[in-house]
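Per Swiss-Prot, the feature signal peptide maps to 1-30; the stated evidence is sequence analysis. The topological domain 'Extracellular' feature in Swiss-Prot is assigned to 31-59, 113-130, 267-273, 325-335. Residues or ranges marked as transmembrane segment by Swiss-Prot on the basis of sequence analysis: 60-80, 92-112, 131-151, 246-266, 274-294, 304-324, 336-356, 376-396. Residues annotated as topological domain 'Cytoplasmic' in Swiss-Prot, with sequence analysis given as evidence: 81-91, 152-245, 295-303, 357-375. Per Swiss-Prot, compositional bias 'Basic residues' is recorded for 203-218. Sequence annotations record features per position, and here Swiss-Prot assigns region 'Disordered' to 203-230. The compositional bias 'Low complexity' annotation in Swiss-Prot covers 219-228.
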Amino acid sequence: MDAMRQSTPRAMLLLCAVLMLAVAPPGAATAAAVAGCECGNAAAAAVAGEDARGALRLKLVAIASILAAGAAGVLVPVLGRSFAALRPDGDVFFAVKAFAAGVILATGMVHILPAAFDALASPCGGGRGGGGGFPFAGLVAMAAAMATMMIDSVAAGYYRRSHFKKPRPVDDPADAARAAGVEEGGAEHAGHVHVHTHATHGHAHGHVHSHGHGHGHSHGSAPAAATSPEDASVAETIRHRVVSQVLELGILVHSVIIGVSLGASLRPSSIRPLVGALSFHQFFEGIGLGGCIVQANFKAKATVIMATFFSLTAPVGIALGIAISSSYSKHSSTALVVEGVFNSAAAGILIYMSLVDLLAADFNNPKLQTNTKLQLAVYLALFLGAGMMSLLAIWA
């Protein structure tokens, strides 16, 4: 009985407390929780602000580092023309080009194309390109490779036609020498070479006449075919110019994308490893592009313009990413689709250029095929370039 009397006041107090909680205003019950959330939000905002400032510092470092690395890479072959070992017809240049081709091939196959598949297969991007859907990334890469082949062929044909339609000198020293040989062999008539260029047959005929002067006649409306060593050299230079311009187009598209992606990132932990990886990436790609520019024999102005465009594209992309970082979301549907399509196109261009215009042209060169030591050195350089660029995929 006494125990019941002692417990009654406690029960009454507990009941009063429950009733007070029940009738208390909703704000009073959550005031402490709201205060805690405000403190948590303030701390999170402070951390986010510190991350943003650290990320901005790293982005500025990345702009300077990538700019310097790209410029150094593209200038190595260009300035290397002053050294006999690095001239376009030297053995060392074959190895440098093979290394650069391996870098470009790995860039397309290991870096860009998988990223394109991931972007187009992402659920945020609508699930295009992977899973049970259609592989749009592969389709775009294939279309870009075929378009590159068409541009390569059409542009080279146009430049050849425009070059060989130009007026040609009539009295060629080689023809004059051959004519002199005929005269020394017992020709009865003395004089100069009378040249008839037959476009339909694609060759020139030298006839010795008794006239005391030379004549040049051109028959037909089509240009003469490139049969002389000089014409073959011009055709090869035209091919190298087209290759270098199309290759730079593919590299520029890719450089803008990776620059914007890095510039829009807000986490220092994700930017820090990219600075070094992308610097090496731009350096190796610059070597490949610089080698093509050297072989194309561009004038100094065109060389400077192409080197400048390559060097500035990725840093400009980073600056653009910084400018739009507040509104840009790389995980949005639009961003993923655009990035996936452009990455696929860039991958198709670079894969085609590395295999067809760089590797196939050099590995079918008689100078390489008749030199076993040079062949082994070039293969080693190719595998080294592709391997080193593939290794960078761990960080970038």
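Using N, Cα and C of the backbone, Cβ positions are placed for all residues, glycine too.
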Listed stretch, out of 92-112, 131-151, 246-266, 274-294, that has the most CB pairs under 8 angstroms to the transmembrane segment (60-80): 274-294
Long-range Cβ neighbours of the topological domain 'Cytoplasmic' (357-375) (under 8 Å; 6 or more residues past either end): 91, 94, 97-98, 100-101, 104-105, 152, 243, 246-247, 288, 292, 382
Highest-contact recorded stretch vs the transmembrane segment (131-151), from 92-112, 274-294, 336-356, 376-396, CB pairs under 8 Å: 336-356
DSSP-assigned states of the topological domain 'Cytoplasmic' (81-91) in counts, ordered helix, strand, coil: 6 helix, 0 strand, 5 coil
Segment proximity, the transmembrane segment (304-324) to the transmembrane segment (376-396), 3 or more C-beta pairs under 8 Å: no
Spatial neighbours of the transmembrane segment (246-266) far in sequence, C-beta under 8 Å, 6+ residues away: 48, 51-52, 55, 59, 62, 66, 104, 107, 112, 148, 151-152, 155, 274, 278, 281-282, 285, 288-289, 292, 306, 309-310, 313-325, 328, 330, 339, 342-343, 345-346, 349-350, 353, 357, 396
Contact set, same chain, for the topological domain 'Cytoplasmic' (295-303): CB under 8 Å, 6 or more residues outside the stretch: 78, 88, 237, 240-241, 243-244
